[in-house]
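> Have a look at this one.
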Amino acid sequence: MEHLNKALTALLATLLLLAPLLMASDPDPLQDFCVADLNGKPSVNGYPCQPSSSAGDEFLFSTKIASGGDPLANPNGSNVTELDVNEWPGLNTLGVSMNRVDFAPGGTNPPHVHPRGTEVGMVTRGELLVGIIGTLDSGNRYYSKVVRAGETFVIPRGLMHFQFNVGKEPATMVVSFNSQNPGIIFVPLTLFGSSPPIPTPVLVKALRVDAEVVELLKSKFTGGY
């Protein structure tokens, strides 16, 4: 027993001495830029870097969200133009990204969650109802406001939210994230269009509806948005 106690004491002392080294980290970039090599395998903080000699000035600039897509191209009446690290390799390791979203009148960006980023947005034309739903900690409180051109909003990381064009004209917003790849979980698509599908009895219990209703909803989301 005495030998065991001495061994445990020695192990604890070693761990205490190593703790500062184990916890040491530098989340900030260690170089001016790290243009993503999209053919490489992503690691914890991004893609491997291209050689500096192969990265021209263009990695610092992008025109991708200067124009948007057709909001009538899908049933939601909205179109998202993404500008994350996969679309703009110069963002690699910088922890930022942007999206442009265009809305037809009555169009919506359906309820969704960004699991890896806080969102800050500005409406650049039209007027959008922005809705944010808090967690159970807040009693699932619903926060909302009609945001007009030139006005801004913020959505904390991980909270469900949506935007809906309440105007009679097309609307556009530009949003930024504190993540180079914030991710997105569309709530309706996740529940009713997952692959493989969530078992119907689970959704019947969770949603408190008949199986026929669940099957109908699943049929609406087969193949995604």
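Note: Cβ is positioned from N, Cα and C throughout, glycine not excepted.
Taken from TrEMBL, the feature signal peptide covers 1-24. Per TrEMBL, the feature domain 'Cupin type-1' maps to 64-215. Positions annotated as oxalate binding site by TrEMBL: ASN99, ASN109, HIS114, GLU119. Here TrEMBL flags HIS112, HIS114, GLU119, HIS161 as Mn(2+) binding site.
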> Using a 10 Å cut-off, grab the number of neighbouring Cβ atoms around the Cβ of GLU119 (oxalate binding site), all chains included.
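Taking all protein chains shown, GLU119 (oxalate binding site) has 20 Cβ neighbours within 10 Å.
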> Within the domain 'Cupin type-1' (64-215), what mean pLDDT does the predicted structure show?
96
> Tell me, if you would, which residue among ASN99, ASN109 (binding-site residues) has the fewest other CB atoms within 10 Å in the structure shown?
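Comparing Cβ neighbour counts within 10 Å for the binding-site residues ASN99, ASN109 gives ASN99.
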> Sort out for me which one of HIS114, HIS161 has the most neighbouring CB atoms within 10 A, since those are the binding-site residues we care about.
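Output for this query is HIS114.
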> What are the other residues, in sequence order, whose C-beta lies within 8 angstroms of the center of the C-beta atoms of HIS112, HIS114, GLU119, HIS161 at the Mn(2+) site?
VAL113, ILE155, LEU159, MET160, PRO182, ILE184
> Rounded to the nearest Å, what's the C-alpha distance separating HIS114 (oxalate binding site) and HIS161 (Mn(2+) binding site)? Just drop the number here, would you?
9
> I want the residues beyond ASN99, ASN109, HIS114, GLU119 whose C-beta is within 8 angstroms of the mean position of the oxalate site's C-beta atoms, in chain order.
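For the oxalate site the neighbour list reads VAL80, VAL101, HIS112, GLY121, ILE155, HIS161, VAL175, PHE177, PRO182, ILE184.
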> Hey, what's the Cβ neighbour count for HIS112 (Mn(2+) binding site) at 10 Å?
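Within a 10 Å radius of the Cβ of HIS112 (Mn(2+) binding site) lie 17 other Cβ atoms.
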> Round to the nearest Å and give the CA-to-CA distance linking GLU119 (oxalate binding site) with HIS161 (Mn(2+) binding site).
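So the Cα of HIS161 (Mn(2+) binding site) lies 10 Å away from that of GLU119 (oxalate binding site).
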> Round to the nearest Å and give the CA-to-CA distance linking HIS161 (Mn(2+) binding site) with ASN109 (oxalate binding site).
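On Cα coordinates alone, these residues lie 9 Å apart.
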> Would you measure the largest Cα separation among ASN99, ASN109, HIS114, GLU119 for the oxalate site and round it to whole Å?
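Binding-site diameter by Cα atoms for oxalate: 14 Å.
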